[in-house]
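One structure is given here, and the rest of the page talks about it.
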Amino acid sequence: MQEKMTVVSHNLIARNIYELVMHGDITRNMKTPGQFVHIRVGDSSEFMLRRPISICEVNIEEETLTCLYRADGKGTKALSKSKAGDQIDILAPLGNGFPVEAAKETALLIGGGIGVPPLYELSKQLNARGIRTIHVLGFNSKEDIFYADKFAALGETHIATADGSYGTKGFVTDIIKTLPKTYDTFYTCGPIVMIKAIQETLPDTEGYVSLEERMGCGIGACYACVCKADNDHGYVKICTDGPVFKKGELEL
């Protein structure tokens, strides 16, 4: 579905990370965590391609959508100038999302950088189902950390920073190796190198991975976001077949 949503608030919450809250009827259809929106940046022909941004939180009663994104390119930097009251053209919800029903008693949620946001709505929905959540979040530095307190309010939360400026020095896998194996399922989103390391660290745990990929159309027509996969076609389209896949489905 396509809709022009109204910006409610737009704030810088960490280094180059913005929290964008929008209002619109389309939120009624956003029921699965891990899906994403495709945002059109302004009306200029300079930004012909939409920007895919994961859904961080949905409030269906208030009809609000929260997205977190990193402003590191021309398009997202232009988007960062949006202010309360502005209209933003979006296509949503897109993608398949995380299967919340897969978790049995305890779920391990692992996020890296801008792969952290979709795990927040996932954790909220898992909590609502009575599932205990453990969060392991990785960032480059203390200045890059966001939503640590919000995740902590939902369950046990561990932070890793590559430079050691906050929490555990190192990577999310360094923390995972120290945790007792009390979880039955893991969900993760982040860079491919991180996802590969997690799958190697947790070979016997049921898991679901969400990929971060550049996209063109967002509806499976342009084949700009294909990834090798162990299926009849030999590939998947991240935008429509994903962005979430069961552990082992993809050739990373």
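Count begins at 1; order follows the chain as displayed.
Including glycine, each Cβ sits where the backbone N, Cα and C put it.
Listed features, source TrEMBL:
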DOMAIN    1-100  domain 'FAD-binding FR-type'
BINDING   Arg51, Pro52, Ile53, Ser54, Leu68, Tyr69, Arg70, Gly75, Thr76  FAD binding site
BINDING   Cys217, Cys222, Cys225, Cys239  [2Fe-2S] cluster binding site
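On the structure: features taken from TrEMBL.
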residue: Arg51; record: FAD binding site; contacts (Cβ under 8 Å, 6+ apart): His38, Ile39, Val41, Tyr69, Gly75, Thr76, Leu79
residue: Ile53; record: FAD binding site; contacts (Cβ under 8 Å, 6+ apart): Leu20, Phe36, Val37, His38, Ile39, Cys67, Leu68, Tyr69
residue: Arg70; record: FAD binding site; contacts (Cβ under 8 Å, 6+ apart): Asn16, Ile17, Tyr18, Thr76, Gly113, Ile114
residue: Cys217; record: [2Fe-2S] cluster binding site; contacts (Cβ under 8 Å, 6+ apart): Ala224, Cys239
residue: Cys222; record: [2Fe-2S] cluster binding site; contacts (Cβ under 8 Å, 6+ apart): Gly216
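Taking the mean position of the Cβ atoms of Arg51, Pro52, Ile53, Ser54, Leu68, Tyr69, Arg70, Gly75, Thr76 as the FAD site, the remaining residues of that chain whose Cβ falls within 8 Å of it are Ile39, Cys67, Leu79, Ile114. DSSP classifies Arg51 (FAD binding site) as strand under the three-state reduction. Around Cys239 ([2Fe-2S] cluster binding site), taking its Cβ as the centre, 26 other Cβ atoms fall within 10 Å, counting all chains. Around the Cβ of Leu68 (FAD binding site), 22 further Cβ atoms fall within 10 Å across all displayed protein chains.
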